[in-house]
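In TrEMBL this protein carries:
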type	residues	note
TRANSMEM	A:6-29	transmembrane segment
TRANSMEM	A:64-83	transmembrane segment
TRANSMEM	A:95-115	transmembrane segment
TRANSMEM	A:135-159	transmembrane segment
TRANSMEM	A:187-209	transmembrane segment
TRANSMEM	A:221-247	transmembrane segment
TRANSMEM	A:259-276	transmembrane segment
Amino acid sequence: MQWFDALIQGILLGGMYAQYALGMALMFGVMRIVNVSHGDLVILLSLIGISLASAWGLGPFTVMVALVPLAVAMGWLLQKGILNRVVGDDPLPSLIATFGLSLALQNLMLQIWSANSRSLPGGGIESQSVQIGGIYIGLLPVIVLAFATGLTWGLDLMLKRTRFGRALRAASADVEAASMTGINARAVYASATAIAVGILGFAAVFQSLRSTVAPADGGAQLIYAFEAVIIGGMGSVWGAFIGSMVLGISQAIGFRIDPGFGVLAGHIVFLLVLATRPQGLFGKA
Amino acid sequence: MTAALSTHGLVARYGDFQALYGVDIDVAEGEAVALIGANGAGKSTFLRSIMGLLPVTPDMVRLDGKPIGGTPTDRMVQNGVAIVPEGRRLFTGMSVDDNLRVAVDQADRFGRKGGWSLERLHRLFPILKDKARTQVQNLSGGQQQMVSIGRALLSQPRVLLCDEISLGLAPKVIREIYAALPEIRAQGTAIIMVEQDVGLAQSASDRLFCMLEGRVTLTGASATITREQIAAAYFGGSHAVV
């Protein structure tokens, strides 16, 4: 029973990780842009959300309505202002540029919000749960998982079925050939990054509801997102979702073995996947 | 006949290396011209310059007399110039259908009308219908070339640039692909083809241009040009072989 409970809690935790991983699946998995500031953007959005909530007494879902468009705008600016200048076959320039951005964002956040941990008041939903057959299932984690599933479904459909999705996949496969087919790759990339960061608007609200956030926390979210995408396989949106589940379940089981072992267990499973199936669970060899 | 596309003293360089020294080539509506020349003569560079992939001044490339040189490549496609690039350059990891749909999408986006549709392309190259769901990297070279040509046609071009579409293909497949050109031209589409095979270039085109070291060394009607003239232009006067 204890292990079954760990499995359930792991899947729910995976829902949270999936929300970080989706944007990463789009940027790293599809566009092959390494965005080191991914985690810091989640934290920045969380802190903005917390400040909005305390300034105007907004509920978490009202904050979400404000935060997602803001995140979309931030993503668009990130691509237009920085990433479009450094994209190309070489991943190093985007890595260095966003590493610099990451450091700048962390220090900016320290300056504005100090190093204190904060969280978003949820009006009670963060502590509600239902008991099913001896297992307590939190309401908030279920909502998180539901949002993650919906976002994954929507993103996957967008990539496969829409004009924009096809243009993005084409530009990711061969930028020059895409331009020879009439695609304005920079405009497509700007929209794609806007979507990727926009998803972080959802993640930011849930992250600050379920735990506390502080300016230096971004690194952990970044690693989880990278690991989920790589476990799942580059270029696969559902792969990133499953990768997040694998990571969540590994951590939850690790926590049951020893409270200090949880996070490490996730990293070990990631390394095992990398060693035995480097293309990821859903990736093509 | 007025030129659909023409170049005027087109000069192109890669950094300090000058690849083209004033190239004047023109093609009329529904006409096919072939561009031949040895490796490094500048044929592909010429096509890339037209497409806006190398910096050129506006006056160097004209479409219906309007200067459009150096326009960004995606807008060049919207203007009605499409290319079948060297090495096919398909979108790996996507199906045949999705590769073609990308071009349809972009033509729709700008309301470009023309005679090409997926159905018509399937009649031209029936294999593309059978392989619609196959990922392009799993196709044979000839099938890939058909996708690449199809993708360019679905941009509804008025001028089609073909960069060595016969390269690396079996003679039977080459015949099959070249058999499609008359139908493309019947549409009114002008074709500039770069071709290694001189015999093929001569038989598939109305006029021929031979390039040597970044300059046009021979121009004439494909039907009347002689092998000797071509040899002289191809290798340079002093190396002429009979």
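Cβ coordinates come from backbone N, Cα and C, glycine included.
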For the transmembrane segment (A:64-83): best-contacting stretch of A:6-29, A:95-115, A:187-209, by Cβ pairs under 8 Å: A:187-209
Stretch in A:6-29, A:95-115, A:135-159, A:221-247, A:259-276 most in contact with the transmembrane segment (A:187-209), if contact is a CB pair under 8 A: A:6-29
Contact between the transmembrane segment (A:135-159) and the transmembrane segment (A:221-247) (at least 3 Cβ pairs under 8 Å, separation 6+): yes
